[in-house]
Structure formats: structure tokens, C-alpha cells
Amino acid sequence: MKFAKDFLFGAASASYQIEGAWNEDGKGETNWDVFSKIPGKTYKGTNGDVAIDHYHRYKEDIKLMAEMGLESYRFSISWARILPTGDGEVNEKGLEFYNQVINECLKYGIVPFVTLYHWDLPLTLEEDGGWTNKRTADAFVKYAEVCFKAFGDRVKHWITFNETVMFCGLGYLKGAHPPGIQNDEKKYFQATHYVFYAHAKAVEIYKQLEQYGEIGITHVFLPAYSVDDKKENILAARHANEYETFWYYDPILKGEYPSYVVQQLKENGWTPSWTKEELDTLKRNAENNDFIGLNYYQPIRVEKNQEAVSSMEHSRETSTLAPGNPSFDGFYRTVKMTDKTYTKWGWEISPQGFLDGLHMLKERYGDIKMYVTENGLGDEDPIIDGEIVDVPRIKYIEEHLKVIKRAIKEGIHLKGYYAWSVIDLLSWLNGYKKQYGFIYVDHDDNLNRKKKLSFHWYKHIIETRGEEL
Ligand code: BG6
């Protein structure tokens, strides 16, 4: 079986992780411009001031994408380039940059798939309470409208937010992302609510503009499985799915929050302050979502947490998402299992976990269209005789594409695959050490680009539409 002609083979990136030019052409400062410079926050103090200098080298990069045969490129817009203070004046130079990127993609027939928010928030808004302040939600809606009007004639695929659970969870529970707050459940749930509200409003405006493209949201997809069939561990897995998955998908696709979580938030005093108007906005727009984007890296294996501790009392091990930690509320813990395979950063490799998870989503949400908006292997790539021989990445993507093919056969509505990442880029917390790209960037030699083995492999997959998989 070949992948259908309208299935998009792509790859992805995000503004802060590639662009650099952090203070050029009128761009405003962002939360990450500041946070990454606080000592101890990132691996070896790396930051996105220069990143891989895509801002100045986008033509070269998009040319390489075209050479790879990429059908679609997912990238994000830096809000602070467009509206430097978040909700003030529009910066024409910012519009100009993304117009050039979009036009360059179209020149090669590459479909631009645009994310509006991939974590870099204008500093003015962060300093005013960030996502815990409704001002940020209103500002986002304004920013989204500016982008739809400026680029919507050529961009027909929009993602509002990337991985709400990550920027809110790491921002307000773990303190590992800006604003660096720990253990504030009240703020965490409030922030997620304003994100969902901002999403719904942006979707509504997009539909009113009648640009005839599609719009959705991207979540990290972390399906939870019990480590065994003990009743208490099965309940732990349910709890994890309610909080990590249903809390994020229900308000988007059903227009209301999952009652299991809502009830517990009430008991704990964590219910966000939400108005009828906000809840109605969610409800009214549930039908307006065209798709859901899934960033899938790994499932989580969980068991009932027997210790009376919550997440911050355990330090993270090798990486933010590596197993071995209790959940924020101490209800369950994630477990590293002896019969599973893990990456160097401790993330489980499980294509089967994805397939099972897709069926779980279908059961709950029906036939919603889905794109895999990220999937890939973070590794330290071996270089042999000057060649980047990233065989483990090829294997990883190959195995995931195989289950995607199977999922489609089994009736899952999947319309595209975006590998993370198109090119080696800045990992938020792991610097340049953790590589994901098809294209290597030489940090010892003027950020020169070089094709990896996976570049040629992916090109072949696209050319043959995955027939050999
Ligand atoms: C996703 C993000 O969560 O994971 C990306 O959307 C990120 O921006 C990717 O780079 C990989 O994360 P990490 O921590 O391995 O760099």
C-alpha cells in the first residue's frame, strides 16, 4: 500500500528553536529571551539568540527541504516579531519576514503549515501574568487575526497552539519553562483554560473570515497505560489519561471539560475562574475544529503512587519527560520498565503505544481528522568519516510510519506526518546536544548545513509514497 496522494509528508520546526535574530528588525523580547539567560535553566546556558540563524538562512534551508522532496513544512511564527508588545502596534518587518518564508515554500510547492504559538510569548504579556491573565488570551486572538489577514491567502493550514500541557505544566508546575513557577495548580489550570478559550475565539474568527483553509490545535499525545492489570494501577492509568489527555482534548473537541477532572478540581480548590461567556465560546466552537495535531514521542506507563509525595519532591532524571516521577497531584507515578526500549534521554520507543492510543482517541472523539505534527528521535548522531549516519533515527521513523499506515487501514483518519525536526535545532532544555533533524548543523563551522543519511532515506520514502514500509 502506498500513502494516498493527499497525505502530506512533512517535517517541522519552531521559531525560537531555529530563527535567532532575537533583537532584529523590530522584534520584541520574549519570555524565552529572558528565561534562557537565567543561570542553570538550560543545558550549558544555551539560548536562542542565534539558534541556527534560520532568520538569515531561510532560503538555503527551504531549498534543502525542497531537495528532500518535502511536501509540507510546519513552522511557527514568533508573536513578538508581529506584535512586539503582544497587543500593540504591528511590526511590518515581522510580516515581511514570514511573507518571504511562506513565498519561498510556495516557490517549491511546499505547503506551509503554520503554528501561531510555539511557546515564545511577548515579554510584556508574560510580565503581566502571562497565560494566567485573560489579557494574554485576548491578545492572542488579535495576533491570530493579524496573521490570518496577512498570510491567509497563501496559508491554508493553521495550528493555534503547540502542546498546552507542556508550556503550562513546565511553566506552572515544574518551573522548568517560563515563567518558572513551581507547584501552582491553581495557576496551571487557569492558564490552560485561557489557552482553550483563546483557541476557540481564534477558530471562530478564522471561520468568519471565510478563508477556506483548516484550523486546529496540536497536543502532545502521551497515552497512559497501566504497568499491569491490578485494579489500582488501571485506575492510575485512567487518572493519567483524564488529566494529561482528556483535559486537553475535551474542551476543544467536545466543548466541555471532563467531569472526572472538574469534580476533583472543585474538591481541591483548583477550578479556574471561568465565565459563562468563556464556557459558551468553547461549546459553540467545538464543531469548528478541522483537525487535531498530535505530537507523539512516547506513551507513559503508570502505577498507583504509594508514597505521599508530589512531583517537585523528586528531581527529574535525565530529561523532563523521562519516567520515574510522581504526577503533580501525587496520584500515580510513571515507571521505567525492564522490557521496554528507551532513548538516551529515557523516552520510551513504542510505535504500538501510538497505534493503541489512536484507537483510544477515535473511541472518545469519533472521526476527527488528525495530523502527526511531530514525531522523531532525539539522539547524539554518530559521524563516521564525515558522514552523519543517523541509522537509529531512520529506524525510529520507519517503525512509526509503519504503524501509521496500519492505523489508516484500521480506519483512523490521518492525513499527514511531520517529522520532528526538519533540521537540527535548539532543544529548549538540552541545547544542541540532542539532535532530531534530517539536516545537520555544524556549530564548529559557521553553522554549515549538511545532509544526514536520514535526509536521503526520507526523500526516498516520499518519492515512493512509503510503498516499501
Ligand atoms: C516537543 C516540542 O514537545 O518536543 C518541541 O514541541 C521540542 O519544540 C520537542 O523540541 C523535543 O523536545 P526535547 O526536549 O527533546 O528537545
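Including glycine, each Cβ sits where the backbone N, Cα and C put it.
According to TrEMBL, the feature active site, proton donor maps to E163. For E163 (active site, proton donor), the same-chain residues lying six or more positions away in sequence with a CB closer than 8 A to its CB are T218, H219, V220, N295.
What TrEMBL lists as active site, nucleophile is E374. DSSP assigns E374 (active site, nucleophile) to a strand segment in the three-state reduction.
Its Cβ taken as reference, Y297 (substrate binding site) is surrounded by 24 other Cβ atoms within 10 Å in the chains shown. Residues or ranges marked as substrate binding site by TrEMBL: Q17, H118, N162, Y297, W420.
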Neighbourhood of Q17 (substrate binding site), C-beta criterion under 8 angstroms, separation at least six: G48, A51, S421, L425, L426, S427, W428
DSSP state at W420 (substrate binding site), helix/strand/coil: strand
Residues close to substrate site centre defined by Q17, H118, N162, Y297, W420, Cβ within 8 Å: A12, S13, A14, E163, N295, E374, S421
Coarse DSSP state, helix versus strand versus coil, of Q17 (substrate binding site): helix
Nearest of the binding-site residues (H118, N162, Y297, W420) to E374 (active site, nucleophile) - Cα to Cα: W420
Cβ atoms near E374 (active site, nucleophile) (within 10 Å, other residues, all chains): 25
Pairwise Cα distance maximum in Å, substrate-binding residues per record: Q17, H118, N162, Y297, W420: 18
